[in-house]
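Trainee: Have a look at this one before I ask anything.
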Amino acid sequence: MRKKIIVGSIFIIVIGLFIGFNIAKNQSKPASSAATFKTVKLTPKEIISTVMTPGTLSFSEEQFIYGEEEKGKLKEITVKEGEKVKAGTPLLTYENKELELEEQQQALAAESSSLKLKQLQNRLNELNEQQGGEAGSNSKNEREQLELELKAAELEQKQAELNQEKVKTQIEDLTIHSKIEGTVISVEQEAGAGKLEERQPIIHIGNEKKMIVRGLISEYDAIKVKKKQTVKVTSDVIRGKSWQGVVKKVGAVPAQATSETTAGDQTVQYPVEIEIKGKKPDAKPGFKMIMEIETDKRQALMIPETAVKKEKDGSYVYVVEKNVLKKVKVALGETSGHDLEVTKGLTKEDQIIAEPSDDMYDGMEVNAE
């Protein structure tokens, strides 16, 4: 009997020790069996907003010389393709027989009026000498008449000189000069002879030192694009290279509409010009280019896009506060890679669940990592 009592006591002690051990073990664990999740914080990051549009490489300065039949017959083209020219360089000359004849006629008219003027001056001087300063009524009338004729002759001479100057200017205009510094891109002899059906320039000059890219932007983008904004220029033809430029001009009025929407409204687009800075592209005018216009550069607070849960009424994130989830509505801004800008709803100290699961809920107990 005594042996049974001892065995029973030992069994009770063992059971007590086991229960005590488990109680101690449970007390050493966290109060809850909450799962552990990785968290992130708002990260400052520079974001760049851009507008991308195609364009065409062109000369910033160019001059087209077309035939002018009213000037006469093309006499000579004084430049060749590839030749470098400066502003004022003679390019071509017309021949006009009528102007040459008129020049001779005006020269004769000017000489005739000059002789007539001298003749009247001599007669007036002789009359004054004969009368010795004492003039009768007849001589007085004669002197007045001569003075009137002299004034008329002076006017005729001035008119003759003006006519001479006019003809001289017209003859000088028969020689066409370059208005810019550049290179002669093309010379079309047949265009000068009027042998081509379509009107084409006789001479085309372009300044290869100054290149621009011309393109079109939407009315929405036209609000954001401003002069002097930085531009990155690339080409699908010349891969792996890019060139720097700046916005030179944004059109104040839209370009001619080229397409229509389903409702019949014309698409409104504005012309934009980009000036290439530094090294020029290894491309020829007419090449298709891609313009990436930098419209904004600033620091923004970003979070990974995986941290955001998008619902019907907005975007949400889960913030950990004392091991408890709090569902927070946020306002989003720009996108940069796989990050989203947060403009409202969070602070820099907030611990945000990096990849919230679908079974998370407001008030859920978690452990933040």
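Every residue, even glycine, has its Cβ placed from backbone N, Cα and C.
So TrEMBL lists these for the protein:
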type     : residues : note
COILED   : 91-172   : coiled coil
DOMAIN   : 63-206   : domain 'YknX-like barrel-sandwich hybrid'
DOMAIN   : 98-173   : domain 'YknX-like alpha-helical hairpin'
DOMAIN   : 211-293  : domain 'YknX-like beta-barrel'
DOMAIN   : 301-367  : domain 'YknX-like C-terminal permuted SH3-like'
TRANSMEM : 5-24     : transmembrane segment
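Mind mapping these onto the model and telling me what they sit next to?
Mentor: Taken residue by residue, the domain 'YknX-like beta-barrel' (211-293) breaks down under DSSP into 6 helix, 39 strand, 38 coil.
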Trainee: Counting by DSSP secondary structure, give me helix, strand and coil numbers for the domain 'YknX-like barrel-sandwich hybrid' (63-206).
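Mentor: With helix first, then strand, then coil, the domain 'YknX-like barrel-sandwich hybrid' (63-206) has 78 helix, 29 strand, 37 coil.
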